[in-house]
């Protein structure tokens, strides 16, 4: 068989060499010859910036305590200088201060003149006699109010008593026979109604509970109506049958319907076949 180590007979071909791909670390990249990314682009030589620009950049990159991310100055810093106020604001503030000072001076001048009439009421108050007893005066003022309240309460109680007596008398004297006996009432009213019905009608209390719709009582709607057949049977029993097919009632009643037809037939001769 063969040996353990196999050696190729043909020499290996060298890798293809491309001048664009020679600078790329990984030649398997699809964009090997296209310089797109900053990694692939060679750094161009840049001139050194002056020292003034470096200082300005450092000042701009100073951490802003108001920024949520330190090292990034996003909001502009407020310039706080000695002359930050507008000249118009200064003028207005000065005018306002002068007006306030003038008003204070005028008030201080007018205060001694106005002091005399303020003291005059004090002398008039001293002339008035003091109240002898403040508690007694308060009680005197409260007495008429309490008396009026008591009078109103008494009148209200009397009116309520009158209304209650009137309702009791009207409930005892008034009788309502048209009211349905099954309607709910108090026990006293039920007993009084049953007693009066027993005396007047002479029936037992159970008969009061029977209405028109109860099965125990017969009304005109529930009664039996006489039928035509029953009337004919009665007529046959009471009447006398004649030979011509018509009958006359025993009491000499009226002729039946067949009578008219028989009268018409009497004018013509009977045909015998």
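Here the Cβ of each residue, glycine as well, is placed from N, Cα and C on the backbone.
Among the features that Swiss-Prot reports, compositional bias 'Polar residues' is placed at 32-45 (among others).
Taken from Swiss-Prot, the feature compositional bias 'Acidic residues' applies to 94-105. The compositional bias 'Acidic residues' (94-105): residue composition by secondary structure is 12 helix, 0 strand, 0 coil, according to DSSP.
According to Swiss-Prot, the compositional bias 'Polar residues' annotation covers 144-154 (among others).
Taken from Swiss-Prot, the feature compositional bias 'Polar residues' covers 164-175 (among others).
Under the heading compositional bias 'Polar residues', Swiss-Prot lists 210-220 (among others).
Annotated phosphoserine per Swiss-Prot: 29 (among others), in sequence order.
Residues annotated as phosphoserine in Swiss-Prot: 31 (among others).
Annotation source Swiss-Prot lists phosphothreonine at 37 (among others), citing similarity to another entry.
Under the heading phosphoserine, Swiss-Prot lists 44 (among others).
The annotation phosphoserine is assigned in Swiss-Prot to 67 (among others) on the grounds of similarity to another entry.
According to Swiss-Prot, the phosphothreonine annotation covers 75 (among others), on the basis of similarity to another entry.
Annotation comment: Swiss-Prot describes 93 (among others) as phosphoserine. In the three-state DSSP assignment, the secondary structure recorded for residue 93 (phosphoserine) is helix. Cβ neighbours of residue 93 (phosphoserine) (same chain, under 8 Å, six or more residues apart in sequence): none.
According to Swiss-Prot, the phosphoserine annotation covers 204 (among others).
Annotation source Swiss-Prot lists phosphothreonine at 207 (among others), citing similarity to another entry.
Under the heading phosphoserine, Swiss-Prot lists 214 (among others).
Per Swiss-Prot, the feature phosphothreonine maps to 217 (among others); the stated evidence is similarity to another entry.
Summarised as a single figure, the pLDDT of the region 'F-box-like' (90-124) averages 69.
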